[in-house]
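Sequence annotations record features per position, and here TrEMBL assigns [2Fe-2S] cluster binding site to B:84, B:89, B:125, B:129.
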C-alpha cells in the first residue's frame, strides 16, 4: 500500500461475501497493475456496503464523493486502468456513479450500518472520525440508571427475534443487587447468527467491530457488569479474526480493561467460539455452552437476567441490539425512537437472500411492506422466474404466499398473519420450489438441531418428517394431514423453547398456503377444505 | 478455525494446550477448539487428558464433543469441504449441488474420499445468503457455486496436494 500524499484513495471491500466473490484476488491484481503502470493508489480495505450484486464494488475518492465500479472481476482490471478509473470515469461499463446516490442505498435509513463499507473495520481512528466512541464518552458521564433510561426511551427491542424491550432487560440486571449477585454480572452477546438468510450480525462484526465492543462496554456500565463474552458461531472465521483484532486495539487504547478512558470503570471482553449447534442461539442453551457444557436449554424462570452465566445476573443481547446502543447514547434516545411505527421503534436491518436479484442489507425504519423490500429494493428473483414463496425470520419463520406480501414490516403486523420478522432475514424462492420438500426440511432441521431435552421437539420432529413423507407419497393423505396438524399443535404448546415451539410455523404455513404441493398426485378432501379456507 | 493439517498426535503438545486454557471459566469448548485446530480432530487420547484436567468424567467430555456438529473424533481428509444446506442456498440450487457432490466424490456427508483428499460435511448457513449456493473449505468461503464450479474447486484442492508432494 502506498502512502504517497498525492495517491488517490480507493476502497476494495473485505467482508466474507466480497471475498467469496473474489475481492482479494481483485485487490492483488489492482495493486500489482498500479505498481507496474506507476499509478499512485492508496488501497483501503473497507468492509462492504452490502449491495451484493455489485460486489466486489470498488470505490474511488473523488471531490464529489465516492465513485463506484462493480461488480469487478480480475478480468476487468485492465479496462479499468485503461479508463483511468481513479478519476471517477463514468464511461466504463461497470461504473455505477456516486455510491451514496445509488437508490438502494440512498433510500435506506442506515443508523446501525452508517459506517459499514465506509470505514476500514480495524482502524480505530477511522471509527472515531465517524462518531465512534461518542456514545461511550456520553455514557461515562451518566449514572447507570441514566444509561438504562436512555435505552428504555429509545424503544429498542431485542433484535435477535424475540423483540423483548432491551431497556427492561437491562433494568432487571441493574436491579439484581444482593451481595451475591453484585459479586459478578455479565454481558453476553449472542453472535450465534444461525438463521438462514441472515448476515447482519456478521456484517457488524466484520465491517464495524468497534461498534459492538462500544455497545457492550456501555451495557457493562449500565448494569454494573465487568466481564463480557461474545458467543460467536464457528461458521464465521473472519468475524472471529476482526473482533479479536479490534478487541486488542481497544485494550491498547484504554477502551477496554480496568480503567476505561481514565474513568476508573472496568470492562473486560472476550470472544468465545461456538461449535456448530443452531440451538445455542437460544439464550439459555448459549449460556450452558459458554459454561463448557452441552447446549441443553434451561427452563425459565429463573430468567438469565437474574440467574444467568455461572448463576450470576446476565444481560444476553443480540449483536444488533448491542450495536444500536452507541447511536442511542450518541445521538439521543429520541433520534432512534423517531424512526419506525407503532411499538416497533428504530430500524431493522433486513437481509434479502435466496433467489434474489439485488441481495444485500437493507436497513429501514419499520413500516414499509415486504413487497417493497423484495421488489423495489431487491428487484425480484435472480433468475427472473416468478417469485412464489418467501420465508421471513429464519428456519423457524413462516413461508408467506403472495397474498401476504403487502404486510408491513413490523413485529405486530407480522404476528397478525401468523408470521415472524425474527432477525430480519428474507429468503426468496421462485416458482420451481416444492413446498412439500421445504416443510420436510423444517422438520429435518429440527431433528438435527434439537437439543433433545424436551420430548415434543426431540421426538415430534422425527415423527414430523415421517408423516410428511407419507403425505408426499400419497398414503392416507387426509388422516396424515390431520396427524401433522395435531403434531404441530403439540410441538407449539409443549416445547420448552422456540426450536420445537416454532418449527411448526414453516410447516403449517406451507400446508396452509401451498397445500397443492403436498398432494400433487392424489385427491384429498381434507386438503381441499384447507385450501378453501385459505 | 477449520483447517485440518496432517499433524500427528502428540500428547505433550495436547497437555500444553490443556494447561494453558484449563483455568478459563467454561474452559471445555476453548480446549476442544484448540485441540481440533491443532490435530484436525479430537482424538480419544485427548479426552483422557482433558477430563482429569477439568475434573470431569470422560463421559461428560464425550457428551460435549458429541453434542456439537463442529467437533469430530476421526482424522478427516486433507480438506474439509462443507456445503451449506440451509434455505437461502436451497433457493439457489444447493440440493442439486449436494447430490452432485456426493455422486462425484462417491461419499455421503461425513465421509472421506478414498484418496483422503476430501471430507464432505453439511453446514447450516455460512452467512453468505445473498450469493448462494455457498461452500466452505478451511476459512475460505465460495459463492454462487454450481456443480461445474464445485468440480473445479475439488480439482484445485486435489492438485494442491500434488504440488506439495
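Quick reminder: no glycine exception, Cβ is built from N, Cα and C everywhere.
Automated prediction, rather than curation, is the source of TrEMBL annotations.
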Secondary structure at residue B:125 ([2Fe-2S] cluster binding site), reduced by DSSP to three states: coil
Number of Cβ atoms other than its own within 10 Å, given for residue B:89 ([2Fe-2S] cluster binding site): 31
Neighbour-count leader, CB within 10 A, binding-site residues: B:84, B:125, B:129: B:129
